[in-house]
Amino acid sequence: MLKHSLIAASVITTLAGCSSLQSSEQQVVNSLADNLDIQYEVLTNHGANEGLACQDMGAEWASCNKVNMTLVNQGEAVDSKDWAIYFHSIRLILDVDNEQFKISRVTGDLHKLEPTDKFDGFAAGEEVVLPLVGEYWQLFETDFMPGAFVSAPNAEPKMIASLNTEDVASFVTGLEGNNLKRTPDDNNVFANAVSRFEKNEDLATQDVSTTLLPTPMHVEAGKGKVDIADGIALPKDAFDATQFAAIQDRAEVVGVDVRGDLPVSITVVPADFTGELAKSGAYEMSIKGDGIVIKAFDQAGAFYAVQSIFGLVDSQNADSLPQLSIKDAPRFDYRGVMVDVARNFHSKDAILATLDQMAAYKMNKLHLHLTDDEGWRLEIPGLPELTEVGANRCFDTQEKSCLLPQLGSGPTTDNFGSGYFSKADYVEILKYAKARNIEVIPEIDMPAHARAAVVSMEARYDRLMEEGKEAEANEYRLMDPQDTSNVTTVQFYNKQSFINPCMESSTRFVDKVISEVAAMHQEAGAPLTTWHFGGDEAKNIKLGAGFQDVNAEDKVSWKGTIDLSKQDKPFAQSPQCQTLITDGTVSDFAHLPSHFAEEVSKIVAEKGIPNFQAWQDGLKYSDGEKAFATENTRVNFWDVLYWGGTSSVYEWSKKGYDVIVSNPDYVYMDMPYEVDPKERGYYWATRATDTRKMFGFAPENMPQNAETSVDRDGNGFTGKGEIEAKPFYGLSAQLWSETVRNDEQYEYMVFPRVLAAAQRAWHRADWENDYKVGVEYSQNSNLVDKASLNQDYNRFANVLGQRELAKLEKSGIDYRLPVPGAKVEDGKLAMNVQFPGVTLQYSLDGENWLTYADNARPNVTGEVFIRSVSATGEKVSRITSVK
């Protein structure tokens, strides 16, 4: 008994000591998290020009920037060295010039800052400056991520309060002057009140009561208006119940009663359509005083005709329609939106709201990017780890319960870094989409961008091995444990980013996932007809053209210097892949991703799925469309035009692929709206894509865009027709989510510019020239009717400003209101806006706002604050100023 008492006393004493230790460590974490004020100041984006050894540090393209990271301790003194700050940096940190601290990269964008032996503590009120050298440049505020946190052994990690905010401007300074330039030769026009005013000067308010978005193929305007104050009598039997409900939902938004008085006749008569009108989605419609008559090629055409009725309605005064007749058909069969819910999750409600708007503007393909390195977002029955582990990001260094934090998500799961669609959620999305004539295309990205899957299946492997179930543990394992390949992916992950394409277990995994997803589609009554393989960026960036070997005899100044002998191609050190190379199944390691795509296409075809889709670089080593087992093989083409895309897109079409134009420099909606550091987004392909630029994109004549736009540095480029090829299959607008951390940010980035993508996908404009081999375009070619382009955009912009933005607001969409242009001349304020019809306001003190009228320009002095305001007055743009 005495022995037991002594043991018990010893245990209690030990536990008390542990509790005391844990408490002191937690106190340090809490103190630093609550009291450290962290600020970033950009010092230069031209490191090499400022004497920094970018090349010797191994910076890609020998390009680096310098930033001061300043830490101010606003709390009590901290003497402990046993702590670390984890912070997110999309740029690799190459050097920290402070002997008291060291920085290491954990994985992806997650970096670790910790004290060295020379650390002498944080005194109360002390300011510590850490000069950081990072790769490339940092030109926009959203290059800097929130979500830094403090950790210590035996303590719960805690978010640093000063970086627990979406107000990035509160901790970033220095983005001005030359620091706005990517290089000293950057010729972009930076957005300010005056430059916006000059850009908008060719726009004018005009009557657009008979103008419809997207523009129909043929419109004949009548005289007068048709009274619909008492609603329209839409025949309910023309649609199934779910589609009629979808139509009713849109009718409520625009303020039209579909069970009213004005007769509407709808018939589906495909035999009556010939030539360019004989295709799915086509319709003819007549709107007259005695009723509306619709004749459709198919059910999709009937649905779109009704959407055209709603499109002509002014939701702020929904009592009339213009008399007119329409003959209409879509330009492309594929009119898509891609939404990345993997990097950061977006809610089911946000997806449903997107489907509503897609239907209203006649878009018909929702491509869901469901998986990536940073997250797996779809429940798969039988593989619970995919969502238990792969759908969550938190601070677990072993990644047994979650993925490590990325992209500003911090140490906890209570944000959009975590989340997934349950099976029921996904089935609901499918049903909702089907009712709106939209096909949902699921993308499970592989073999690259697959870290969430790989880590999840390793967690599954470990669980089952602990249970003694070795065969079951290996059933769906995705990495070769003997693979020692040293690789760095585009977003700075190691070999865990890749599904090993040489293992039978990988093929079983793909088969399992496709089967489960197909079953969900079947349950929803929307059979799976297209499987998106992903396939992009299966490479080691260190073997790219931006690096040279440390021992190279003829080094160039514009490449980073590294030891290339330590770098591998993906899978090069995998014994299982080496076997495939040795036995001649695959010619070399570079061909493995395309080989894997071909193998997956066989699984897809065996399951009766007719269409196989991928990002084009994933298929680059395949021998054309005939190498795939499915009826159709489609590629999202995403080469940048000024890097050769004006020509290479036609190569893919010539190989027999159905090309879906998806160019990042024109239809990526994660790029900033303006060349302004306040705007959100990545900008590797273009410094900005606003609604006007997207509207002016010529998707079938790629060289033409060289005359109407510039490269990412604001310089001209050339494009020449070189290859004869079949017509393209479609157009897709993409929203990648690295910088998009919540639904509000998501809708801001997508709307309203996605309406310009809808316009280009449905309608070919007169100013779009035919593609011709031998014709070259540039800033000086003068082959494009730019007057016609500008007039066309003016109409489009007026429809947005006068009608469509109000509909977005009534739909609850957090769209972006344009920042006004303004100038002061002779003491008078002049203002304009990208979408005529949007209300403008100004203020002399930043608090009291007055409505601007161009016919009564006000006299002003000093700094004048400006903004635009929505139709309800409840939503305002970003506020800027002019002097």
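A Cβ is built for glycine as well, from the same backbone N, Cα and C atoms used for every other residue.
Residue-level annotations in Swiss-Prot identify, among Cys18, Cys54, Cys64, Cys18 as S-diacylglycerol cysteine. Just so you know, of the disulfide-bonded residues Cys64, Cys394, Cys402, Cys502, the Cβ with the fewest other Cβ atoms around it within 10 Å is the one at Cys394. Here the Cα atom of Cys394 (disulfide bond) is found 33 Å from that of Cys54 (disulfide bond). A 10 Å cutoff on Cβ-Cβ distances gives Cys54 (disulfide bond) a total of 30 other Cβ atoms nearby, all chains included. Considering only the recorded positions Cys402, Cys502, Glu537, Cys577, the residue whose Cα is spatially closest to the Cα of Cys64 (disulfide bond) is Glu537. Sequence-distant neighbours of Cys577 (disulfide bond): residues of the same chain at least 6 apart with a C-beta under 8 Å from its C-beta are Asp480, Asp483, Asn500, Pro501, Cys502, Phe571, Phe589, Leu592. Annotation for Glu537 (active site, proton donor): same-chain Cβ neighbours under 8 Å, separated by at least 6 residues, are Ala448, His449, Thr489, Val490, Asp617.
Taking the C-alpha positions, the distance from Cys54 (disulfide bond) to Cys402 (disulfide bond) comes to 35 Å. Cys577 (disulfide bond) carries a helical DSSP state (H, G or I).
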